[in-house]
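Remarks on the structure that follows.
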Amino acid sequence: MLSKNLLEALNDQMNHEYFAAHAYMAMAAYCDKESYEGFANFFIQQAKEERFHGQKIYNYINDRGAHAEFRAVSAPKIDFSSILETFKDSLSQEQEVTRRFYNLSEIARQDKDYATISFLNWFLDEQVEEESMFETHINYLTRIGDDSNALYLYEKELGARTFDEE
């Protein structure tokens with residue numbers, strides 16, 4: 001059985017994952033508006049991944065005999081000055097998610113809820129990948145700078161991204 005404190009934190013994180021999906025869709029909308037269809041697809045796939053994460057937490061809460069609680073999702077940032085800004089904001093968002101999962105893990109440890117600790121380890125591993133990916137994209141975009149040909153090629157590369165549930 002999940003403690004009240006842990007259940008509250010899991011519900012918060014589930015809702016935060018859905019907020020992250022909204023934020024990535026807002027980034028996709030910016031990219032589409034600026035005619036960067038490849039980058040838009042990248043962020044759409046990222047949004048799918050966040051929804052999958054939310055669903056994974058939802059399933060876990062229910063599997064533990066508790067109740068998943070959905071809350072209002074606040075509006076994400078919609079104005080960006082550049083593609084680079086969307087990726088920098090993405091990295092900040094992922095760093096916040098990592099911090100949140102560390103906090104969740106600490107609550108589970110305090111509760112000696114070893115099943116939840118095991119469950120959360122998957123997310124912690126995922127966050128290492130997410131932060132590394134965005135740091136790499138930021139580095140590439142910074143190097144590309146104003147080189148429109150390089151940006152075009154990089155957009156095409158990222159536009160090929162798909163998301164497969166694991």
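From the backbone N, Cα and C atoms, a Cβ is placed for every residue, glycine too.
When GLU17, GLU34, GLU69, GLU85 are compared with the Fe cation 1 site residues GLU50, HIS53 in Swiss-Prot, the one appearing in that site is GLU17. Per Swiss-Prot, the Fe cation 2 site holds GLU50, GLU94; the candidate it also names there, chosen from GLN13, GLN127, is GLN127. Here the domain 'Ferritin-like diiron' (2-145) has, by DSSP, the following mix of helix, strand and coil residues: 117 helix, 0 strand, 27 coil. A Cα-Cα distance of 12 Å separates GLU17 (Fe cation 1 binding site) from GLN127 (Fe cation 2 binding site).
Apart from GLU17, GLU50, HIS53, the Fe cation 1 site neighbourhood in this chain, defined by C-beta within 8 angstroms of the site C-beta centre, holds HIS16, TYR18, ALA20, ALA21, GLU49, ARG51, PHE52, GLY54, LYS56, ILE57, VAL97.
Apart from the site residues GLU50, GLU94, GLN127, the chain places the Cβ of ALA20, HIS53, GLN93, VAL97, THR98, GLU126, GLU130, GLU131 no farther than 8 Å from the centroid of the site's Cβ atoms, the recorded Fe cation 2 location. Taken together, the residues of the domain 'Ferritin-like diiron' (2-145) have an average pLDDT of 98.
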